[in-house]
Amino acid sequence: MDPFDSNSTERANLPRNMIENSMFEEEPDVVDLAKDSASFPTFPALDPDEVAYEPRSSRLLVRGLGENDMDEDEEDCESSARLLGMSFMNRSSSHRPSSSPYTRQPPPRSCSRPSARTMVVCVLFLVIVASMTMVLYFLPGCTFTKTGCKPNKTTPIEPVYPESTNGTLFPWAQLRLPQSVHPLSYDLTLNPDLDNMIFSGRTVIDMLVLHNTKRIVLHSANLNITKATFKLGDGDASDVTVLEYKPAQQIAVKFTEDLKAGQHCVLTLEYSAKLSHTYDGFYNSSYTDKDGNKRVLAATQFEPLSARKAFPCFDEPAFKATFLVKITRKPNYKTLSNMPKANVTALPNGLLRDEFERTSVNMSTYLVAFIVADFTPISKNVSETLVSVYSVPEKKEHTEYALDTASKLLEFYNNFFEIGYPLKKLDLVAIPDFLAGAMENWGLITFRETSLLVGKQSSSLEKQVVASVIAHELAHQWFGNLVTMSWWNDLWLNEGFATYMQYTSLQTVLPHLDIGNLFLAVRFRAMEKDALNSSHAVSTEVNTPEQVEEMFDSVSYEKGASILLMLKASLPGDGQFRKGIIQYLNQFSGLNTDTNDLWNSLTQVDVSTQHQNVSEMMSSWTSQKGFPLVTVSRKGDQVTLTQEHFLLTSDNATHTSSLWNIPVTYVNDSCSLAPECRQVFTLKTKSETLRLPESVKWLKLNYRNTGFYIVHYGDEGWAALRDALSSNVSVLTHEDRASLIHNIFALSRLGRVSVRHVFNLLDYMTNETETTPVLEALLQLNNLYRLLDKRQEHTLVARMKVYILHQFGSLMNNQTWVEEESVSKQELRSALLETACGLNEENCTQQAKALFQKYVDSNGTTRIPGDLQQVVFNVAAQSDEDWPTLLNMYEHVTYDAEKRKMLRGLASTQDARRIVWILNAGLKGDIIQTQELPLVINTVCNGFAGYLFAWDFIQENWDHLIEKFPVGSFAIQTVIKSVTSQFSTQAHLYQVKGFFSSLKERGAQMRSVQEALETIRLNQRWMDKNLPTLKKWL
């Protein structure tokens, strides 16, 4: 799934089954009372799924006994008490002396001679007796004998179960489902009623029992189950009672007799529900046709946890099965699902029932999809696959680019992976109401209209956005669909790989789109989040639904892609990486994996003469949060490289313990541009040394920024690089120049370099003309400008404006206002002119106003170049006369990319009343779609007039927001970051902390809240440290 904003400029903006395995794997030297209960006939053996419920304190105490078994011929009268005392005291190690008196000694030959030692032992014996009494209190289920603890026959250890909706005990109490039963196939029948916004359904699940159990537990949310039957093997179906535990969105059926391992069974559930009014589950949507009529439709969005809102199911990635889907509809609607349509049946009530082929592959539930709408397709055959693009009829003319791009990318992936796309058809569908950028449902990929539809006259920059999203979702048909992560802790295996492949594929298939510039920018942005103490490891523990939602972030996507790029760049040639991922896909086709499976596949196909253990290298990048700072120091011919955790908020424990296996690349002044200039040095320890001729004037590490680390060169090193760039701007690649700019701003935020050093490096920018360095410098300076503006440092803001216009003024003035073919030049022009007009540079604003007036006078027939539309609409929105005109155009324009730019322009107004109106209109959803509310809030917050209004707005409307967008979702993450990231005072810190603390289960525990608080503190720290210097320097 692509949860990110589909506009490229804004976008630049657990170990395997952790929970499950920790509960089922037996620990060494532990007497497992639950498992051993079978040996005591008074009570039955527990279901193996329930082993996890053994009280933890019990296991610790029994472990103490098992580890200190005495020989039977030892007659130490204190042995049992000593062991029990040791076990009890081990529970509170902070009270334990460094030298334990419980070290085993040979038994004394005689006790007849009094001594000080004997007195001490007697006192300790009394203490141990008291300890044993407490142990017995904590272990009522144990009787202690000479051989240890034996369960009492009257008090078996039982799990604590929650209460179901009917008041009886629900037979499960974990987020993860038990592993007793596995689904094999689903038969789904759905009967949507779009007039009344309801649906009914019937789900038949064929299952295999994996081990004996008396229950079946699965997921269901907001479904009213009206009838349930169960059939075991060839027996007759009988009615069963379904228990529901709503907090976990789980239902269960209990049995009096064990279901035996190896048996097949069928559960049939009939139910009814309302179509969702949010953006997940089976939800309703609508659009207005060319005649002004409202047309309704229904679509699905199941990732990550919403298939259960459409049909009862085992809604976890590892429960793969096949699916047969039947949907009833009116004759004027069409239906779509993952597979081709098999037949259509006319029903007595005048409706039609469409039946689709059973899926030819096992799928996770989150990949199931179906749509009921009146969409129109265009199609073509590609490598024995029918590829189609669907849209509302009025936008059919905007689908051709998507069809052409998807066809080329499908052929590329078929060849690159050496595994053919396995389904007969591939549909790409533009949904009018869709929150994410797109969703990779197998055979039925759904998109926002802005992510799929472009006009024939669209700019290359707009086509880049569409191509990028299509490439991402098609990559998922292999990474995520064919091979799926076992649990959401390893989401990066899906999203990191799809992100990496979207850039890799487009560099080959559509090289004119200059996608490398965008990839570089998103790697920089991923570092900003990952430098926070509130970040998380790429593969990290996930224990709640909110944590699952929060995994859809830049760490899983962009950092995941970045470390794959770094790995590929460090492996010999192009062969090993590609062969490794092909082996990974072949070996685990149709299965679920964890991170180690990928590393092992890449290690096994090592084609180099020097064997490289990929798992050893890469585990440090996925198992711990953050990334390294590499510091360079030179003395004679020796260069010392030192690594530490680049952590903006200091944490001494993390700061000193984190180490990475870093493939450090570097070039120097003798050879710095060509790939063959690159040299590699592996930094595994805290500090290592390499040798270079003393004649080398400067070093540049992280060649073309393929590594996920930041470099500090020290004062002399930075000065040498600055001098080199001042003499010849082309002495480094444009990626390396952008990398230096990004790194020095990051080091300033860390406090390692002064703001004066930052501006000294930027002196060379007057000679810079390449896109990536200019974009990075403008982004960083605009962020600083906005922080000063929100801090109401008016004098400094005025000086910053003068500085930016001086540094980039000549480049701004050289930009044209006519069509431009090059994507890179479009990116450069739009960034420069948006900055110039945002600073009210007169020439820029006059040009933009003139272009807008020409557009209005022609009634929209005169085209504004796509990359200039945003700056033109922004300028128009500042005018009292033009804002209403722009709003009227927004309501009537049909081209989605242009419509979205108009919305951003409208939201950039500095008029307080209009700001309040547009925020409320976004929440209401009639004129402005609610799916666009995060974009509206983000845009409003960039302006001085709007950021406090937006902060008040989300506080007043928080409950409405989390009704529309799930807690922890990417939309909520975006909203929180937008409204808080430019605060830099203690007063705002207290406000933010107070508000989110008051939310409790409604959002207080979100990681994005911790990120917000940390960011405000960092802004405050930077301002306090650098404001005096800025005032002097500027």
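Quick reminder: no glycine exception, Cβ is built from N, Cα and C everywhere.
In TrEMBL this protein carries:
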| type | residues | note |
| --- | --- | --- |
| ACT_SITE | GLU473 | active site, proton acceptor |
| BINDING | HIS472, HIS476, GLU495 | Zn(2+) binding site |
| DOMAIN | 182-367 | domain 'Aminopeptidase N-like N-terminal' |
| DOMAIN | 401-621 | domain 'Peptidase M1 membrane alanine aminopeptidase' |
| DOMAIN | 698-1017 | domain 'ERAP1-like C-terminal' |
| REGION | 1-21 | region 'Disordered' |
| REGION | 90-114 | region 'Disordered' |
| TRANSMEM | 119-139 | transmembrane segment |
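Other residues of the chain with a Cβ within 8 Å of the Cβ centroid of HIS472, HIS476, GLU495, the Zn(2+) site, are MET1, ASP2, GLU440, GLU473, ALA475, PHE479, GLY480, ASN494, PHE497, ALA498, THR499, MET501, GLN502, TYR557. Contacts of HIS476 (Zn(2+) binding site) defined by a Cβ separation under 8 A and a same-chain sequence distance of 6+ are given as MET1, GLU440, ASN494, ALA498, in order along the sequence. For GLU473 (active site, proton acceptor), the same-chain residues lying six or more positions away in sequence with a CB closer than 8 A to its CB are ASP2, LEU428, ALA438, MET439, GLU440, ILE445, PHE447, ALA498. If you take every residue in the domain 'ERAP1-like C-terminal' (698-1017) and average the pLDDT, you get 96. The Cβ of GLU495 (Zn(2+) binding site) lies under 8 Å from the Cβ of MET1, GLY480, PHE552, SER556, TYR557, GLY560, each of these being in the same chain and 6 or more residues away along the sequence. Its own atom aside, the Cβ of HIS472 (Zn(2+) binding site) has 30 Cβ atoms within 10 angstroms in the protein chains shown.
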